[in-house]
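Feature annotation from TrEMBL assigns transmembrane segment to B:21-38, B:44-63, B:70-89, B:95-117, B:124-147, B:172-191, B:221-241, B:256-283, B:304-323.
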Amino acid sequence: MSDGLNRSSRETAAPILKVDVLSLSFGGLRALSGVSFEVQEGSITALIGPNGAGKTSMFNSISGFYRPTKGRIIFEGEDISRERPPARAKRGLARTFQNIALFRGMTVLDNIKLGRHAHLKTNVLDALFYRGRAHREEMELRAEVEERIIDFLEIQHIRHAPVAALPYGLQKRVELARALAMRPRILMLDEPVAGMNREETEDMARFILDVKEEWGITILMVEHDMGMVMDISDHVVVLNFGQVIAQGRPADVQNDPAVVSAYLGSGDLAQRIRKTEAA
Amino acid sequence: MRIGTIKLSYATDEALFDTRVQWVWLGLLALGLMIFPFVAGPYWVYLACLVAINVASATGLNILTGYTGLVSLGQAAFMGVGAYTVAVLETRVGTPFFINLLLAGGMTAAVGVVFGIPSLRVKGLYLAIATIAASMILHFVFAHWPLTGGTRGLSMPPAGFLGIALDQPQKLYWLIIPVTALMVLGAANLFRTRVGRAFIAVRDRDISAEVLGIPLLQTKLTSFALSSFYAGVAGGMWAYFFRVVTPESFPLINSIFYLAAIIVGGMGTILGGILGATFMTLVPEILKLVVGWITPWMPDALSLLAPIRTIVFGALIVGFLIFEPQGLAEIWQRIRRFFHLWPFRT
């Protein structure tokens, strides 16, 4: 496939995101210790590991929820470790959440529009009168959301629905839509297909691939569905007990003995993958 | 009945009033409001002004509590800041009323921001207590600062407009109603833009709002500033309406009244602020009427008015919280839906 091409460009280009010897502890509990990895521009990188390995802690450190105790996070060549979450969002770090974090009191459309917040300029005075900039910005945003995002994710039929009433799979899709509205450079997906059936998973995998190919957005995801991880990712980073135990191409990681023992204690990860694929 | 609405542009889809029928009703409402002072008695005009002032203030509180999720029991005290600002400007400087009202709003917004700072750390009940503290502090300042006239307060001349003294409710009506209408329209517009969306995001999930690029402190303080601006202008109108401002004019119970108004009306809806404030202002009047009717049979009914009023207020709040937590606005929506579907589904 295009794997060879990706490999060659990966060696020359600077990474879009670099996590540099990052440590995070809560009191005496060490959630992450000395984690380093890179995310190449234009790739799909998956962060996997057993429960409690520190995947979500890693995500939360990158998006700015948690302050790492040690280490740096470098985004497009700049150290963002000290920045507040809104500043990181404005740079183009967008994410979705494991337990969907949509705003229940708003419609689908408003949730998506909210993603653009940091890039809009309307101030309170414009807003009160809804003239000039406020009106113009809203109309431009609406057109873009409709034509680029809602069409792309096939959610036209629910645009005016309150999000609280939507089924789980659609809520996940709306969350992706909102992240896309943030003008992301890198999209961080926290378990995008958790709890989905086969068909929904395949839809989501297709959307993720399209986001990468058509929008040129780099993707970093945490996912437990090994079948999907191995199918669509270019690079896999395996965490266990807050440390990177392996990283590389999906095929290499699958057969890494450290990964296999982390997942199963013993046994064959490839077999487990075949099992999930058959299911 | 409503067959369907076709929209050909995004602008029409996002309009506040999207059908011709709504515009017709709105026109009728405006016409009604214009005819009202000529056909209604002075007492009803007085009540209409009071309702409008309360609508303005309740809408402000709704921005803060209903939309941003920050519970405040300081709305009455903030109105006091606006009222005193107007009274001082009117007696000492003599600037025209529209400048006074704007300055009252601005002054109150500044005070609101200062008292809003704790909102970054405390939420819910704790923030409510912090805002009660704010009311106490403001009450103390009103009662002891020489500029505000101590416990005797300030008396002020009526607002003047082109040489006409606006000294009667019938005249002030033309000031208060348009200002309130503008304020309500402004609030409605707010929630069609990024500013209002950020407020709702902070209410629904403040932590993930931050990851989406919404700075929490700035958003919360903006909400406090706007809400206090509304309280300040409402307080300014109140000052022109009663023309005596004392520290006792804005007790804590009034803050509870506004909170009750938005609960009864419907938190987080513009219509809720309007309906709630109107309803709660008129309830005592309805009670007075009822008392008037039953006096022939119960000669001491009048003495029971005050306690009954308190009980009815409490019962209304509890009743709405249990049976209609979305408030009058939701009831109104249900009625609308009924007529949209009628006669196909009833």
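FYI, residue positions are counted from 1 along the chain as it appears here.
Glycine residues also receive a Cβ, built from the backbone N, Cα and C atoms like all the rest.
Note: TrEMBL annotation is automatic and uncurated.
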Review point. Hey, which of B:70-89, B:95-117, B:124-147, B:221-241 has the most Cβ-Cβ pairs under 8 Å against the transmembrane segment (B:172-191)?
Key: B:221-241
Check your understanding: With an 8 Å cut-off on Cβ pairs and a sequence gap of 6 or more, do the transmembrane segment (B:256-283) and the transmembrane segment (B:70-89) reach 3 or more such pairs?
Key -> yes
Review point. Near the transmembrane segment (B:44-63), which same-chain residues lie under 8 Å Cβ to Cβ, leaving out any that are not at least 6 residues past its ends?
Key: 36-37, 72, 75, 79, 169-170, 172-173, 176-177, 179-180, 183-184, 187, 190, 199, 223, 226-231, 233-235, 237-238, 241, 258-259, 261-262, 265, 267-270, 272-274, 276-278, 280-282, 285
Point to revise | Distal contacts, the transmembrane segment (B:95-117) - CB-CB under 8 A, six or more residues away | key: 70, 74, 78-79, 81-83, 85-86, 89, 130-131, 134, 138, 159-161, 166, 175, 179, 220-221, 223-233, 235-237, 239-240
Review point. In the same chain, which residue numbers or ranges, 6 or more beyond the ends of the transmembrane segment (B:124-147), come under 8 angstroms Cβ to Cβ?
Key: 70-74, 76-78, 80-81, 84, 88, 111, 115, 118, 153, 246-247, 250, 252, 255
Revision key, fill the gap. The answer for the transmembrane segment (B:304-323), taking Cβ pairs under 8 Å and residues 6+ beyond its ends, is 257, 260, 263-264, 280, 283-284, 287-288, 291
